[in-house]
Structures are given as structure tokens and as C-alpha cells.
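Chemist: My questions will all concern the structure given below.
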Amino acid sequence: MASSCSRRLLAAALLPWCCAAWALGHLDPPSPPPLVIWHGMGDSCCNPMSMGVIKKMVEKEIPGIYVLSLEIGKNMMEDVENSFFLNVNVQVNMVCQILEKDPKLQQGYNAIGFSQGGQFLRAVAQRCPTPPMMTLISVGGQHQGVFGLPRCPGESSHICDFIRKSLNAGAYSKLVQERLVQAQYWHDPIKESVYRNYSIFLADINQERCVNESYKKNLMALKKFVMVKFFNDSIVDPVDSEWFGFYRSGQAKETIPLQESTLYTEDRLGLKKMDKAGKLVFLAKEGDHLQISKEWFTAHIIPFLK
């Protein structure tokens, strides 16, 4: 029979393990990664019919998640106006500062960009690695730009008529480039050299003029880069841009996929390495621009946010 001294020694040895097991059993489950959302053209952070719905949907499906829907400006009206008229580089810089100062994002975050918000958040990933973006989901984003503005959503059509005329008159003039957001990702495949030299946003983040190794390194740090393409999109021209494809240089009829582009074959942005590593995810959906049901969003997007 064990002596009382032996029993005391055994109890003393087991006590720390018992306490540790008890503590582990009572730890709160880890919080889900926070989410940052950037809306599209003519929309706002908090529109109850668009981004407000998305925010509530995410919060319902992932209890306890922190969702930051970006407002570019002092109020919703200014947010909408800035989606048309505030220099994208200024917007990206503003967002980088917002994210850097938010204590809830410092361990990393996931991001969803809707329409032009997709390429804007990619610029954030490339230019501002702190705090780290983990997964980027681009829903209808135009990563190789657009060459046409066929239709505008909602009540913004009159603004788009003005923008369309300005783009046709001189998309790469200094005045238009600095004052119209859509001009800053306007990509003329017939005038590639003009685009490369005078595009103040897209040509930069797509490494058209030179290779910024920091951009490449920062983008490759993503765990996943998810791109959603809408087969019946009547707003994005060409729709292939939503998967990083575009018109073959020198004409505006035949499109080529990302994998046939110089950006990919020369791996100027790290997309080829990301593709080989399984980090690029290409999702396709029937329907027009940003036509997403709750069921589709829950089945295809929510899993990337957990």
C-alpha cells in the first residue's frame, strides 16, 4: 500500500495537469477572423438594400464575427460620390490608415470587394501588408480593367452618362484620370502603350510599367484569392476581367484568359505561383452583375470566411 507521503507526491504531480485540462475545457472558442467589405460603384457602406444585407448575412452565419464595411467619406452620400470622383489612390491610402488603426484587425482579416471594390482591396493587399489580409474575395471585380461602360446600376445612370462621355473624349488625359474613378481602371487594348504610361492606378497595381517586388510579395502572402465571375454581366466589359482575363492586345473582340497573359507568363504579380500553389479560386455564377442569392452566398462565400 502506498504511503501517505507517496500519495501526496502523486497528487502534487497531477495537480498542474488537472488544472491545465480544466482551463482548456473552459477556454472561450477562438473568435472568427474579422471581415472588411468594400462596396462597388454608386453604392455605399451601409445601404440597407445592398451592403447592409451582406453584413447582416455574414454576422448571422458566423456568430461573433467583426465586420467592417468601409465608408469612404463622412456620410453615405459622400461615400457614393467618392465611388465616382475621388482618386482611387487617395481612397486606398485612406483605407490603409483605417485598417492600421483598427485594433480588431491587427491579427489579420479577410476581405470582400464588390465590383470595383475588388480591385481596390487588391491594391490594399499589395500596398499595405499591415495588418495582414488573409483571404481576398473579389465579387465581380475588374482586375484587368474595363473597356466600356455599358450600363450603370440603380439611380446612378445619369452620372454614368457623363463618365462615359468623358472616357470617350480622353480617358488618359490628366484631368480625367485624376477626377474620374472609372478612368483609373480604364484599359484600352488598342492603345496599350498609352494605357501603360498614363493610367494612374490599374497600370501600377498590375505591374505594367515595372515590377514592384513588394507588391508581388504582399499579394503572394494571401492564403486564398477568390474571384467570382458573372456569366451574364451587363455592366463589366469584358466580363473576363472578373477572372483577370482581358482582350488580346491590339483589338477589342477576342479575349484571352489570365493564363495566356504576359502578367501570368512572366509572373509579374506572382499569380502564376499562387495558381500553382492552389491559392487562386475561380468561381462562376449565372446571372447579371452582383446578382447573388442568400443561398449561393452562404454555400460558396461563407466557407472562405470561417
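Yeah, the Cβs are placed from backbone N, Cα and C, and that goes for glycine too.
Pulled the feature table from Swiss-Prot, pasting it below:
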type: SIGNAL; residues: 1-27; note: signal peptide
type: DISULFID; residues: CYS45-CYS46; note: disulfide bond
type: DISULFID; residues: CYS96-CYS128; note: disulfide bond
type: ACT_SITE; residues: SER115; note: active site
type: DISULFID; residues: CYS152-CYS160; note: disulfide bond
type: CARBOHYD; residues: ASN197; note: N-linked glycosylation site
type: CARBOHYD; residues: ASN212; note: N-linked glycosylation site
type: CARBOHYD; residues: ASN232; note: N-linked glycosylation site
type: ACT_SITE; residues: ASP233; note: active site
type: ACT_SITE; residues: HIS289; note: active site
Chemist: According to DSSP, folded down to helix, strand and coil, what is ASN212 (N-linked glycosylation site)?
Modeler: coil
Chemist: Do me a favour and check the Cα-Cα span between SER115 (active site) and ASN212 (N-linked glycosylation site); whole Å is fine.
Modeler: 25
Chemist: With CYS46 (disulfide bond) as the reference Cα, tell me which of the recorded positions CYS160, ASN232, HIS289 is the closest one.
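Modeler: So, spelling it out, the nearest of the recorded positions is HIS289.
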Chemist: Does anything in the same chain, at least 6 positions from ASN197 (N-linked glycosylation site), have a Cβ under 8 Å from its Cβ, and if so what?
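Modeler: For ASN197 (N-linked glycosylation site), the qualifying residues are TYR172, ALA203, ARG209.
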Chemist: Measuring CA to CA, name the entry from the recorded positions CYS96, CYS128, ASN232, ASP233 that ends up nearest ASN212 (N-linked glycosylation site).
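Modeler: Result for ASN212 (N-linked glycosylation site): the nearest of the recorded positions is CYS128.
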Chemist: Other than its own, how many Cβ atoms are within 10 Å of the Cβ belonging to CYS45 (disulfide bond)?
Modeler: 21
Chemist: Within a 10 Å radius around the Cβ, which one of these recorded positions has the most neighbouring Cβ atoms: CYS46, CYS160, ASN232?
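Modeler: Answer returned by the neighbour count: CYS160.
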Chemist: Can you see whether DSSP assigns CYS45 (disulfide bond) to helix, strand or coil?
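Modeler: For CYS45 (disulfide bond) - judged by DSSP and reduced to three states - the answer is coil.
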Chemist: In whole Å, note down how far the CA of CYS45 (disulfide bond) lies from the CA of CYS128 (disulfide bond).
Modeler: 21
Chemist: Just checking the recorded positions CYS45, CYS96, CYS160, ASN232, ASP233: which sit within 10 A of HIS289 (active site), CA to CA?
Modeler: ASN232, ASP233
Chemist: What count of other C-beta atoms do you get within 10 angstroms of the C-beta of CYS128 (disulfide bond), across all chains shown?
Modeler: 18
